[in-house]
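**Q** Annotation source TrEMBL lists signal peptide at 1-24. The ATP binding site annotation in TrEMBL covers Gly109, Trp110, Ala111, Gly112, Thr113, Gly114, Lys115, Asn116. The annotation domain 'Torsin-1A C-terminal' is assigned in TrEMBL to 279-335.
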Amino acid sequence: MLRAVWLRGAAALALLLAARVVAAFEPITVGLAIGAASAITGYLSYNDIYCRFAECCREERPLNASALKLDLEEKLFGQHLATEVIFKALTGFRNNKNPKKPLTLSLHGWAGTGKNFVSQIVAENLHPKGLKSNFVHLFVSTLHFPHEQKIKLYQDQLQKWIRGNVSACANSVFIFDEMDKLHPGIIDAIKPFLDYYEQVDGVSYRKAIFIFLSNAGGDLITKTALDFWRAGRKREDIQLKDLEPVLSVGVFNNKHSGLWHSGLIDKNLIDYFIPFLPLEYRHVKMCVRAEMRARGSAIDEDIVTRVAEEMTFFPRDEKIYSDKGCKTVQSRLDFH
């Protein structure tokens, strides 16, 4: 009995491996091979077998809310607002079987505060391969859109890329890094995809997710955080309502935000402006410990303290916030 099951599995695997070799040339062969494998095993569907050997876009795959919450709470330091808003936004969006528009998040704050890191957490919780997934797309302004004189070309390419990938996977995720370095007008090319349309040219974008990462607004966020600190209030007392309206207006009027006078803001197509607060000394130490654990090293508090003390802090008199957040923790830890 066991031998028969083993032989069926081996035969199915052989057929599938053969199919993958010729898949680029003969897509029909893949179907025939998987069909044969299904017949041999007797219980696996076409999709079940195919998705064991290739990444599939599973629209019915539920979001593990507990895992997402744990990742945000244990890996993201000093960002109570981002943790709460991102968790609620993602779980609410994914639990909605019929969203009226794509989820669009705009993350703001100085470098090293966790924007890129949290986008990685989000990607990994939505698609198992994370940033390496075929359904997660990262755009870096200085790399993908470097020339101001090619704005029209970039807009056309961006529209085609998003249309093609959402057609292939409705749950696609698009991350735009360095928005503050993006030439004004480029991002407005995707406005139709973010709006409340059921379809655009036969494609529905309502289940896609768009995430913008930007340093723009970092000064506004720091000012609010400092005001709370100088008033003797805890940073955890800062609420989204204290920052989101200021952020949206500030970014809209900032020529170097990538969203200057953008229709995305004007038409209220960005669902949440999420502030990332500047990190304090204690948060830097948390980052050092996390990096040591990631390297498999024992936590040495003397080294943790030395690395944290090598960072520079601002304002000049109070020295509360790390001017690079946790961005240089990895390289500084290499010296210890």
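Easy rule for this one: first residue shown is 1, then count along the chain.
Glycine is treated like the rest: Cβ placed from N, Cα and C.
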**Q** Taking the Cβ of Ala111 (ATP binding site) as the centre, count every other Cβ atom within 10 Å, in any protein chain shown.
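**A** Within a 10 Å radius of the Cβ of Ala111 (ATP binding site) lie 15 other Cβ atoms.
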**Q** Counting every protein chain present, what is the number of Cβ atoms, excluding its own, within 10 Å of the Cβ of Gly114 (ATP binding site)?
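**A** I count 27 other Cβ atoms within 10 Å of it.
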**Q** Are there any residues in the same chain, six or more apart in sequence, whose C-beta is under 8 angstroms from the C-beta of Gly109 (ATP binding site), and if so which?
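**A** Result: Lys115, Asn215, Gly217, Gly218, Ile221, Pro275, Phe276, Leu277, Pro278.
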**Q** When you measure from the Cβ of Asn116 (ATP binding site), how many other Cβ atoms are you left with inside 10 Å?
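**A** Asn116 (ATP binding site): 17 neighbouring Cβ atoms within 10 Å.
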**Q** Of the residues in the domain 'Torsin-1A C-terminal' (279-335), how many are helix, strand and coil by DSSP?
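**A** Reading the DSSP string over the domain 'Torsin-1A C-terminal' (279-335) gives 29 helix, 5 strand, 23 coil.
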**Q** Given the model, what does the mean pLDDT over the domain 'Torsin-1A C-terminal' (279-335) come out as?
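**A** That region's mean pLDDT is 95.
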**Q** Quiz question: given the binding-site residues Trp110, Gly112, Thr113, Lys115, which has the greatest number of C-beta atoms lying within 10 angstroms of its own C-beta?
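**A** Answer returned by the neighbour count: Thr113.
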**Q** Give me the sequence-ordered set of same-chain residues, not including Gly109, Trp110, Ala111, Gly112, Thr113, Gly114, Lys115, Asn116, with a C-beta within 8 angstroms of the centroid of the ATP site's C-beta atoms.
**A** Phe117, Asn215, Phe276, Gly325, Lys327
